[in-house]
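Feature annotations, courtesy of TrEMBL:
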- B:28-138: domain 'PurM-like N-terminal' (DOMAIN)
- B:Asp30, B:Ser45, B:Asp75: Mg(2+) 4 binding site (BINDING)
- B:Asp30, B:Asp75, B:Asp210: Mg(2+) 3 binding site (BINDING)
- B:Asp47, B:Asp75: Mg(2+) 2 binding site (BINDING)
- B:His54, B:Asp261, B:Tyr317: substrate binding site (BINDING)
- B:Gly121, B:Asp122, B:Arg146, B:Ser212: ATP binding site (BINDING)
- B:150-298: domain 'PurM-like C-terminal' (DOMAIN)
- B:Asp213: Mg(2+) 5 binding site (BINDING)
There are 2 protein chains.
Amino acid sequence: MSGSEFQLINHYFSRLGVDRTDVLLGVGDDCALLQVPEGQVLAVSIDTLVEGVHFFPGVDPESLGHKALAVNLSDLAAMGADPAWITLALTLPRVDEQWLAAFSSGFAALAKRFQLQLVGGDTTRGPLTISVQVHGFVASGKALRRDRAKPGDLIYVSGTLGDAGLALLAQKGAYDPGADLAALQIRLDRPEPRIGTSQSVRDLATGAIDISDGLLADLGHICEQSRVGAVINLSNIPLSDPVRVYVEKQQDWTIPLSAGDDYELCLIVPARHQAEIEARAQGLDVGLSLIGQIEVGETIRCLDENGTQIQIGSGGYDHFPSS
Amino acid sequence: MSGSEFQLINHYFSRLGVDRTDVLLGVGDDCALLQVPEGQVLAVSIDTLVEGVHFFPGVDPESLGHKALAVNLSDLAAMGADPAWITLALTLPRVDEQWLAAFSSGFAALAKRFQLQLVGGDTTRGPLTISVQVHGFVASGKALRRDRAKPGDLIYVSGTLGDAGLALLAQKGAYDPGADLAALQIRLDRPEPRIGTSQSVRDLATGAIDISDGLLADLGHICEQSRVGAVINLSNIPLSDPVRVYVEKQQDWTIPLSAGDDYELCLIVPARHQAEIEARAQGLDVGLSLIGQIEVGETIRCLDENGTQIQIGSGGYDHFPSS
């Protein structure tokens, strides 16, 4: 891109308006210089969104800017980390001011909400590709890891599951949720990273994952890395009204359990903290539901309201022996 | 991509073989957990290479793997930082094992040489795009910044300038360097990050930049951010034999001064350190040449061997008043 095009692009992203004291040197030198607070370790995660793969061409750029950052912040929430800095590698087919204004506005609004500073980036010409790396802090030894779940631990999820999956199904024309479509679509297009929920209860949890690939797949990662199994009570899975109607009508649990894209948290909590986490959950904007328990084993068992084990699609988890 | 495709890709990058004690948790959780040593600050830089923009389709993947990492390490060298960790966002049109083996081999060899550990990444399907973020450490207050140059400071460059530019010119068919083409091509395809040079002399320098856009443009960034001018003696610019022949034949200084892609270091050194830096330079693999001096002003003046000021193409530097 030409120098003036770069200036134009930088103009949009320079308006993020967050100015942190732990950024010793921001954009404009060979590297950014950043200070991790004493006693804290650095948590980093990177995600890429590609047009035509992760989002449809022509998707609302303001929502896209939000989502590109939100899916990364969700990883920090799942690690129990506080958000701090972002880098953005943006590849654009052309300089479209209207698109840039909307994209950067969605990105900046979320960044500002969590006091994230953009400390570096690279803008290049090419097919639309967005790579965001987030950087956060977590107190030494306090991270919510996938490999610490123990039999007897409780499994909680935040919010409701299946809304984004049902929106995608509707988008494909495979189901009509009627007047609920708009609300479902917002869950798909503008996921809300559960940073606040994580900050409120992380000291009670030992592990967490964000539900991007579906509860069974993501809880499966925890089970695999912790070498345990799990049991899930389907009647305790938190569902919004339209997803509850869908599950009852279609007798299909794959949408809440395997569809993903909800970016809710799945938390692993030692049983001794049950009363405390449920007391704290009262004060949160987003509900926390106890959906099951870690157990000895190599599979995730799903039980219906009668305690009968049922098989859910192909989205289940079977231990894959690591070599 | 499918699960088995991801496993295949991860297989290639899991062979990097570097295992650092400051990586508390590497690939495989929501975030990597990293420990910055006490007294050090974190230096980060991100660069993206897009097929058809930064490299030709069909370019040797082993060299591409090297270059994708090298251009980022060059930024750490220019900051005076020690390399530590990498993340890689790789977008691939298809899973081509031969390509992946070669690309990861070039990438891994350079990573291993500098004890860099791959701590995270995201692999997606789409047009070939490579984003690498490097993370390094620099002692608090010791970074080589662009905004600290003072009138009287000396300007050094490492290695030779113009080799990569001449290779590109030859590739375009605009010049025939004869038997020297292969050596020039290596400078363009496999730039060598000047980490060792930086580590050897960084305590004597106050500023640095890596020469990716050409000496005049990059030194211009230092002048602009430090609000100074500079004078360059052309007869001191270090040139390889083929570039010297080219400049003499064509009477064209733009290749060594404006072509870029050499990834040599331009160092700003207070005059009191001249004897010490030149003594240390004797022990380096790569030469350091004193090419000029920072002065009061707003331009970079280029003087020929008679001390006559000459104008170099359009690649010069004029102060752009910041608003």
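Note that Cβ sites are derived from N, Cα and C of the backbone, with glycine treated the same way.
Recorded features from TrEMBL, shown on the structure.
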residue	record	Cβ contacts under 8 Å, 6 or more apart
B:Asp30	Mg(2+) 4 binding site	none
B:Ser45	Mg(2+) 4 binding site	B:Asn72, B:Asp75, B:Leu76, B:Met79, B:Gln133, B:Val134
B:Asp47	Mg(2+) 2 binding site	B:Ala68, B:Val71, B:Asn72, B:Asp75, B:Ser131, B:Val132
B:Gly121	ATP binding site	B:Phe13, B:Val27, B:Thr87, B:Leu88, B:Ala89, B:Leu90
B:Asp122	ATP binding site	B:Ala89, B:Leu90
B:Arg146	ATP binding site	B:Gly207, B:Ile209, B:His221, B:Ile222, B:Gln225, B:Ser226
B:Asp210	Mg(2+) 3 binding site	B:Ser74, B:Asp75, B:Ala77, B:Ala78, B:Arg194, B:Asp218, B:Tyr263, B:Glu264, B:Leu265, B:Cys266
B:Asp213	Mg(2+) 5 binding site	B:Gly260
B:Asp261	substrate binding site	B:Ala164, B:Gly165, B:Leu168, B:Leu188, B:Pro191, B:Ser212
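Among the binding-site residues B:Asp30, B:Asp122, B:Asp210, B:Asp213, B:Asp261, the ones whose Cβ sits under 8 Å from a Cβ of chain A are, in sequence order, B:Asp30, B:Asp122, B:Asp210.
In the three-state DSSP classification, B:Asp30 (Mg(2+) 4 binding site) falls within coil.
Helix, strand and coil counts under DSSP for the domain 'PurM-like C-terminal' (B:150-298) come to 72 helix, 29 strand, 48 coil. According to DSSP, B:Arg146 (ATP binding site) sits in a coil region rather than a helix or strand. For the domain 'PurM-like C-terminal' (B:150-298), the model gives a mean pLDDT of 96. According to DSSP, B:Ser45 (Mg(2+) 4 binding site) is assigned to a strand segment. Classification of B:His54 (substrate binding site) by DSSP places it in coil, neither helical nor stranded. The Cβ of B:His54 (substrate binding site) lies under 8 Å from the Cβ of B:Thr48, each on the same chain and at least six residues away in sequence. Other Cβ atoms within 10 Å of the Cβ of B:Ser212 (ATP binding site), summed over all protein chains shown, number 20. Largest Cα to Cα distance within the recorded ATP binders B:Gly121, B:Asp122, B:Arg146, B:Ser212: about 32 Å as a whole number.
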